[in-house]
Amino acid sequence: MTAQIIDGKAIAEQVRGEWKKRADALKAQGVLPGLAVIIVGDNPASKVYVRNKVRACHDVGLHSEVHELPADITEAMLLKQIQDLNANPDIHGILVQLPLPDHISDDKVLETIDVEKDVDGFHLYNLGALVAGNTVFPPCTPYGVQCLIEHTNIPIEGQNAVVVGRSNIVGKPMALMLLHKGATVSICTSKTRDLAFYTRLADILVVAVGRPGLITADMVKEGAAVLDVGINRTDEGKLVGDVDFESVKEKAGHITPVPGGVGPMTISMLVANTVLAAERLSGLGSGKLQDT
Ligand SMILES: Nc1nc(=O)c2c([nH]1)NC[C@@H]1CN(c3ccc(C(=O)N[C@@H](CCC(=O)O)C(=O)O)cc3)C=[N+]21
């Protein structure tokens, strides 16, 4: 079997179009959805991602602003910036780009963001709401993966889903979202004994570890949907995922490429969450997650 390649870029654009309608409705009522992105230091990859986020906001007609802070900023000063944005009525979404320098506590930063403006969904309250099945803001990357699965009409209910990776921002929320949609979910890590035993069970395989070539064709069930969240830069400067794309695409039913798969969707979901936040804070529009 040769897999259908899931065109994340095209689906991301379609999703952006859907959220643009909701943004336009808000704008017609005098509310311009606004996103503030804080970036600390000069990590080149972070700069690329932030640029993509700003461009997506611009495409949908949202306000966005980037606050570039020096790598040696104190934690207290960063927290003060967040508090100012919490209080700013023109800003509906706040995102602090990770990773942060070692002298700053990620936890403290994420807990300082107003829960209602936490468009990353990384605040402990929002993580807890997700666990309880009462999602406020779904974290953008797993939300994007779910959206890709649903747009491709891949069934979730009753299916075996395997998530490789257990981070708070991708693996764990991903597993919970699939669980809420009725999948039977296994969470593995790169250290799982006989990882292939689990991955071969998967009808839906989501990989978010950050290790190129981790998943090879022999580890994949014929016809499975394979969603690759990995982003790794090779020595030659090429971007690759965690899945050995060339071999796995001959066996899977569906597969996402890197680049052009999950990455662009992550950014569309950030746009979605910013519009949602603006609806909720203004009391206009439904403020509801749409079924993707
Ligand atoms: N607070 C926070 N929120 C995040 O959502 C967040 C973060 N920190 N830190 C880093 C990760 C990573 N991430 C990506 C976003 C877009 C692409 C993306 O646009 N990828 C393109 C290629 C981009 C390129 O050329 O490098 C693609 O896959 O086609 C990738 C990765 C968001 N993250």
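Each Cβ is built from the backbone N, Cα and C atoms, and glycine gets one as well.
Predicted automatically and left uncurated, TrEMBL annotations should be read as such.
The feature domain 'Tetrahydrofolate dehydrogenase/cyclohydrolase catalytic' is assigned by TrEMBL to 6-120.
Note on the domain 'Tetrahydrofolate dehydrogenase/cyclohydrolase NAD(P)-binding' (139-280): DSSP counts are 53 helix, 26 strand, 63 coil. What TrEMBL lists as domain 'Tetrahydrofolate dehydrogenase/cyclohydrolase NAD(P)-binding' is 139-280.
Annotation comment: TrEMBL describes GLY165, ARG166, SER167, ILE231 as NADP(+) binding site. Annotation for ARG166 (NADP(+) binding site): spatial neighbours LYS172, ILE187, THR189, criterion Cβ-Cβ under 8 Å with sequence separation of six or more.
Cβ-based neighbour count (10 Å, all protein chains) for ILE231 (NADP(+) binding site) stands at 20.
The Cβ of SER167 has fewer other Cβ atoms within 10 Å than any other of the binding-site residues GLY165, SER167.
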